[in-house]
């Protein structure tokens, strides 16, 4: 029986082409974990104390030194929003050699809710990104949509690094989430379809996500500043755009759209890169996927949407089960 999987096996299986392509496509996926973990550092709360008046603001002293100077005052003011004497904090003094958004915009006490809200806003962006990317990649192709989201992800990381207040930073985090959702929705199915069947499970459990978290951890150690980390993440995404030139369009998407010549060219590129010969029956197999038996005209393509997942009882049950999992 002729299938896409059989063609891939005969032109090299898991060969040089697959190694290059998967690294290119999943590099963007890996950087999503870096991006989503940004708030683990940016939202960190350093040691801080409440400054009642200008005379209390001892910028160069640590809490330990303040405790030695005035133990009663220091204990009352250390990470306390309302000191025992009833005074109000005029400002907050933060310790530590790292820069976070908590320190940048005083996100403690009456603004403590902002940090968790920023994470929720980011996750909402991921949800919308997943929904949008699924529809767009089916309509315009995996290659075009993935590279558009990678570029978008880089640009909004640059924008986040320049945010002058937490409100604009929250907007940037939503857009970053949008980019993350778009990448993870598109990159995984796009990359996995070039793999032979027996290697797909391995690719799905390969620690791409963990590698991104590890990279982020190292960068946060070297660049302990939330603005610099956003800039670094933006620049790290730019090399992933080489996939526009080096990774071909989705083989199955091209075939589904009736673009047989381009689909055959992708298979020929795979065979050439892996040092194999394209099977002689390839063209005939591709044509049978779009031409009904005995018909010289391709099947009419119809527009699809998420509503098609609910158009009958069987699809609705499958959709519900997958969403639940």
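Start at 1 and count along the chain as shown; that gives each residue its number.
Quick reminder: no glycine exception, Cβ is built from N, Cα and C everywhere.
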According to TrEMBL, transmembrane segment applies to one of these ranges: 71-91, 92-112, 113-133, 260-280. Which one is it?
113-133
Averaged over the whole of the domain 'Major facilitator superfamily (MFS) profile' (35-325), what is the pLDDT?
84
What parts of the chain pack near the transmembrane segment (169-190), using Cβ distances under 8 Å and only residues at least 6 beyond its ends?
25-26, 28-29, 32, 35-36, 38-39, 101, 114, 117-118, 121-134, 136-137, 142-143, 145-146, 148-150, 152-153, 156-157, 159-160, 163, 204, 250
